Amino acid sequence: MGAMFRIFLTIAVLSFALPSFAQEETTSVPETPVDDGAAIATAIEDSDLTDGEKAAVAWSIVANAAEEIVKREDASPFALNRFRIQLLEWRDAFLSRQGINAERIATLDAQIAALGPDPASDETLPAEAPEITERRAALQEQRAELAAPAQLAAEGLAQANGLILELDHRISQIEREELTTRGPTPLNPIYWGPAVASLTESVTNWGKEGSAGFFARLRNGSLERVLPGAILLIGVALWIAFKSRGWLASWRDSVVATQSRWKPIQDFFLEFFKLALPLLALTLFVYGIRRLGIFGVVGNPILIALASAATITIFARWLGSEFFPTGEETGPLNYAEEDRAIFRRLTFLLGLGIAGLTVFEVLMSTADAENISIGVILFPINFLAAIALFRFGRKLRDTKQITEKEEITGGIRRYVGFLCMLVAIAVPLLIAAGFSLASNALFRPFVLSLALVGFMMLLHVQISRSWSLYRGRTEDQSDALAPVLIGFVLTLVTLPLLALVWGASSSDLAEWWGRFQSGITVGDTTISPSEFVSFVLVFIIGYVITGFVQSFLKSTILPRTSIDIGGRNAILAGVGYVGVMLSAIFAINSAGIDLTSIALVAGALSVGIGFGLQNIVSNFVSGIILLIERPVSEGDWIEVNGHTGYVRRISVRSTQIETFDRTDVIIPNADLASGAVTNWTRGNSVGRVIIPVGVAYGSDPEKVMEILKDVAMKHPMVLHYPEPSVLFMSFGDSSLDFEVRAILRDVNFILSVQSEMNMEISKRFEEEGIEIPFPQRDLWVRNVQDLTGVEKEK
């Protein structure tokens, strides 16, 4: 109680003292009560509170101030973002204390559980010894003390998350108001004069500041100390700029001539250095200029803006030449050369437009120009860049590819082209209507997003091509999975970059990452990314171990046993199923997922899923029965549902049969487990062949039976024990019918044996003069005389 009283007392004192800190004449009026952080920190440090109590006081002050600033109508986005950053730091601190004392609390829970149920909670339980009651009370008190920090951290985390959401809502509201607020139109000539004056003033001030800084440093001698280094940097930059083209051309020739397996990697680095070398030269040049130290608060921002504009221009030129290349390469969009040339020019013009906007916006800002003056100067650049974007979109929408590989590609191109045209029309209209901020929030992020997506597409194509060629495959033979995985990774990289392009800050990304790290909640279980990664890794390890065990059994253990091939396959399949199940169980336990919390939901869902998937479940159970009882095995010759063939694979749901026509028939396992199945080779391959034979009436039956038995005995596939038999079956309509019945060594050759024995029987019958009849009919016509008379009358 004493500690809590001191905390509340300190908070109260600081709360009353806060206005005096904010109203000191030596500082400007702050927007938030916690702007005087030094005074607050001193007041807290001088108190006699513990470290935990000091942290609680500091958090209370920050939380109260955040609640106050959210209510203020005149709060600026800058002040709101300052509080948001502080709250993010506090939230991370609360997250780090979520699991504090967890191991010790688990031990205490086990100790309390070992003492048995508490009779105080259930009157039906018998009384316990006083020592047990005292011990339980002591353990529960100790547990409460240990659990308090985590509980307070959870409460602080909930408050921090709520305040962050309130700040986000307030910031979004202010931004929406700014974007939808209409200002003066830059088309009004009354604003042109002041705008040109501000631009002239900025350029003049830049020149004056540069010359004044140069002569000032020249007089005091400081220029002589930095001049050699600056000249060296500028010289190296110019040398790289002029020599890089020749270096890249000779590198290209050597890469084309080489036949090394590392050629794809060389291509990748060649394309990279085509962009990196000019940017390196630009960086050295700018750093050399800044090393002179002749610019100040006006010149340095302009110098940085010029460097940024040059970077954008270089990147736009490189992106256009790579995305729409010259020569035989058609690029990712597969356009003709004349179309690619137009796209290269438009891409470069868009880059120039963005570069011009960057430079002139900084020039006007350094002159403290009004928003309308900035809009007047930027309007012509926006208008020309919008024309380039409109032509780019129309060309993208209407241009046909050399060969349409996929219809979806054409649809996406047309959609993106239409979107470019729509943005190009909206930008000048918004500026003319006085919504300059809305125009800036739309145009530049849109063009930069196109550039970023194009760069990632190039990177994806280059990495995928390098991978496939490194693996010794052509692009048509490349792995189907590798490009998908590469695209997935690049997409994950692109998403935060797109967020930054469209106005998100680093603190926003940090917050989203924090939310992602906090995980998702399913029932009472929270699954964090680390737990998910643990789950995946453990499952993959278990799956790999299962495959290793299967391979070891298949190659080492099972061949040395007397188990047939079907039994071996059943054992391997069973090991696979058990291994996957154990891997899933271990993975779930390692991730700390409590399945009991979602057991009710799973039970409810299983009822509906069971009705909808009862056939699949039935086939699954039947597959398990087939693997255990093995009425059929892989390699057996079976007949089922009118289909005859060899069993090639028994899976969980169905069985694959290869017919004699070399077609695959998929039979549900339920049909094999509950229906009638004829298995010709179950247990062994011995089987019987029956060959029907008919001879003409008048033939000697005993001689015929002797010939047939001799033919059967001499065939190499016929077993002599039991010896083949010949039966006189019946008197047919046109023949005496016999049957040759013999046991074959391998019933799989039954058709070949039938054919060979028929050939031999035909040959022997011909030698012995025994006729094989064909069906005959004798036609008896009555009243022939009457029919003859009728014919004569005709």
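Don't overthink the numbers, they just go from 1 along the chain as shown.
Cβ coordinates come from backbone N, Cα and C, glycine included.
Features of the protein shown, as given by TrEMBL:
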- 1-22: signal peptide (SIGNAL)
- 153-201: domain 'DUF3772' (DOMAIN)
- 226-242: transmembrane segment (TRANSMEM)
- 268-289: transmembrane segment (TRANSMEM)
- 301-320: transmembrane segment (TRANSMEM)
- 341-360: transmembrane segment (TRANSMEM)
- 372-393: transmembrane segment (TRANSMEM)
- 414-435: transmembrane segment (TRANSMEM)
- 441-459: transmembrane segment (TRANSMEM)
- 480-504: transmembrane segment (TRANSMEM)
- 532-549: transmembrane segment (TRANSMEM)
- 570-592: transmembrane segment (TRANSMEM)
- 598-628: transmembrane segment (TRANSMEM)
- 615-682: domain 'Mechanosensitive ion channel MscS' (DOMAIN)
- 690-772: domain 'Mechanosensitive ion channel MscS C-terminal' (DOMAIN)
Sequence-remote contacts (6 or more beyond its ends) of the transmembrane segment (414-435), Cβ cut-off under 8 Å? 179-180, 182-187, 375, 378-379, 382-383, 385-387, 389-390, 392-398, 442-443, 446, 450
For the domain 'Mechanosensitive ion channel MscS' (615-682), give the DSSP counts of helix residues, strand residues and coil residues. 21 helix, 25 strand, 22 coil
Using a Cβ cut-off of under 8 Å, list the residues of the same chain at least 6 residues beyond the transmembrane segment (226-242) that approach it. 217, 277-278, 280-285, 287-289, 291-293
Outside the transmembrane segment (341-360), six or more residues from its ends: residues with CB under 8 Å to it: 199, 302, 305-306, 308-310, 312-313, 315-317, 319-321, 323-324, 326, 335, 377-378, 381-382, 384-385, 388-389, 391-392, 395-396, 444, 447-448, 451
Determine how many residues of the domain 'Mechanosensitive ion channel MscS C-terminal' (690-772) DSSP places in helix, in strand and in coil. 36 helix, 23 strand, 24 coil
Just to be sure I understand, if DSSP states are collapsed into helix, strand and coil, how many residues of the domain 'DUF3772' (153-201) fall in each? 41 helix, 0 strand, 8 coil
State, in range form, which of 268-289, 301-320, 441-459, 570-592 has the highest count of Cβ pairs under 8 Å to the transmembrane segment (372-393). 441-459
Compute the average pLDDT of the predicted model within the domain 'Mechanosensitive ion channel MscS' (615-682). 81
In the same chain, who gets a Cβ under 8 Å from the transmembrane segment (570-592) while lying at least 6 residues past its ends? 527, 531-532, 534-536, 538-539, 541-543, 545-547, 549-550, 553-554, 558, 563, 627-628, 630, 633, 650, 652
